[in-house]
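Here is what Swiss-Prot records for this protein:
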ACT_SITE  H107  active site
BINDING   Y25, G26, S27, Q28, R48, S52, D82, E83, R84, Q85, G133  NADP(+) binding site
BINDING   D190, E194  Mg(2+) 1 binding site
BINDING   D190, E226, E230  Mg(2+) 2 binding site
BINDING   S251  substrate binding site
DOMAIN    1-181  domain 'KARI N-terminal Rossmann'
DOMAIN    182-327  domain 'KARI C-terminal knotted'
Amino acid sequence: MATMYYEQNINEEVLKGKKIAIIGYGSQGHAHALNLKESGFDVVVGVRPGGSFDAAKADGVDVKTVAEAAQEADVIQILLPDERQKAVYEAEIAPHLEAGKALMFAHGFNIHFGQITPPADVDVFLVAPKGPGHLVRRQFQEGAGVPGLFAIHQDATGQAKDLALAYGKGIGAARGGLLETTFKEETETDLFGEQAVLCGGATQLVKAGFETLVEAGYQPELAYFETLHELKLIVDLMFEGGMATMRYSVSDTAEWGDYVAGPRIIDESVKARMKDVLTDIQDGTFARRWIQENENGRPEYTKFKEAGANHQIEEVGAKLREMMPFINEGKEKVVREVATSAKN
């Protein structure tokens with residue numbers, strides 16, 4: 001059974017008196033920085049001059065260049081996109097990693113796949129809320145918290161675990177619970193979930209269903225409603241109470257169809273290919289391909305992105321969403337929450 005840690009189990013004093021550098025001020029960066037600041041920790045944000053620099057300054061956070069923040073901080077949390085971390089680390093962070101400092105991440109990609117190799121005399125750990133930054137911020141402001149993961153890669157000082165837990169408490173994650181894992185487990189399961197189910201699996205399933213109905217002569221608008229629009233209703237039910245709650249909530253006809261048709265779509269051959277995807281993640285094949293893609297200027301990434309944007313389902317969906325203002329209101333609410341949370 002997984003070990004969970006909550007606020008009452010954690011002493012944050014180990015992190016008090018230390019300066020924490022948040023590198024990056026995007027969705028996660030602004031949430032971590034502001035939550036830590038309001039929890040009484042000494043925070044500095046390290047970003048390049050420009051929009052994020054000005055935004056952090058306007059929020060009342062101490063802002064420096066990445067190199068300056070890394071130099072003066074005791075704990076350095078890198079909240080940049082995976083593909084940018086190595087270059088920024090080597091140029092602006094590594095020169096200032098003195099013995100006894102701590103290097104943090106919110107995802108284990110660059111450590112696990114050897115893109116970043118910190119010196120042996122620094123602590124290395126991750127703390128990863130399981131939700132987007134605007135939700136991490138909103139839950140914190142409401143007195144709740146998004147649950148998170150933490151893992152230790154190096155414990156040079158003997159305090160790495162205590163520091164990770166204190167950091168998790170500072171951003172509000174310990175209110176929801178912090179689950180202990182490893183860099184390997186966090187990285188591989190996160191990538192697998194994205195590729196096989198949450199992003200890759202879901203988008204291909206929706207697209208195939210939409211195309212099947214349209215090619216059979218049904219109106220694209222109805223196909224969109226039945227394969228994409230209503231997906232949120234089903235996922236919300238599963239999110240709230242698991243598959244059993246979803247099946248309880250839908251009609252008996254829908255539930256019966258789930259049982260008899262579902263295994264015809266997602267059968268053992270699909271599971272076998274999922275295992276192939278997992279193997280590519282575990283042996284580094286996916287990581288090497290993604291690293292090479294970035295080094296080459298992202299030609300395949302751009303091609304895939306353009307093809308997806310030009311699919312008929314996007315055109316149909318855009319027109320239908322214009323007829324449903326409540327959807328745009330929800331989208332605008334998220335944007336407002338991000339802006340408001342950064343101001344408060």
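Yeah, the Cβs are placed from backbone N, Cα and C, and that goes for glycine too.
Annotated features taken from Swiss-Prot, shown on the structure.
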{"residue": "Y25", "record": "NADP(+) binding site", "Cβ contacts under 8 Å, 6 or more apart": "A33, V45, V47, S52, F53, A55, A56"}
{"residue": "R48", "record": "NADP(+) binding site", "Cβ contacts under 8 Å, 6 or more apart": "T65, V66"}
{"residue": "D82", "record": "NADP(+) binding site", "Cβ contacts under 8 Å, 6 or more apart": "H107, F109, N110"}
{"residue": "R84", "record": "NADP(+) binding site", "Cβ contacts under 8 Å, 6 or more apart": "none"}
{"residue": "E194", "record": "Mg(2+) 1 binding site", "Cβ contacts under 8 Å, 6 or more apart": "G200"}
{"residue": "E226", "record": "Mg(2+) 2 binding site", "Cβ contacts under 8 Å, 6 or more apart": "G209, L213"}
{"residue": "E230", "record": "Mg(2+) 2 binding site", "Cβ contacts under 8 Å, 6 or more apart": "none"}
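When the binding-site residues S27, S251 are compared by the number of other C-beta atoms lying within 10 angstroms of their own C-beta, S251 comes out lowest. For D190 (Mg(2+) 1 binding site), the count of additional Cβ atoms within 10 Å of its Cβ stands at 19 [all protein chains shown].
Residues belonging to the domain 'KARI C-terminal knotted' (182-327) score a mean pLDDT of 97 in the model. In the structure as shown, the Cβ atom of H107 (active site) sits within 10 Å of 21 other Cβ atoms. Of all Cβ atoms in the shown protein chains, 24 besides its own fall within 10 Å of the Cβ of G133 (NADP(+) binding site). Mapped onto three states, the DSSP output places Y25 (NADP(+) binding site) in coil. Whole-number maximum of the Cα to Cα distances across the NADP(+)-binding residues Y25, G26, S27, Q28, R48, S52, D82, E83, R84, Q85, G133: 20 angstrom.
Checking each of the binding-site residues S27, G133, D190 against the residue listed as 'substrate binding site' by C-alpha distance, the shortest gap belongs to D190.
Secondary structure at H107 (active site), as computed by DSSP, is coil.
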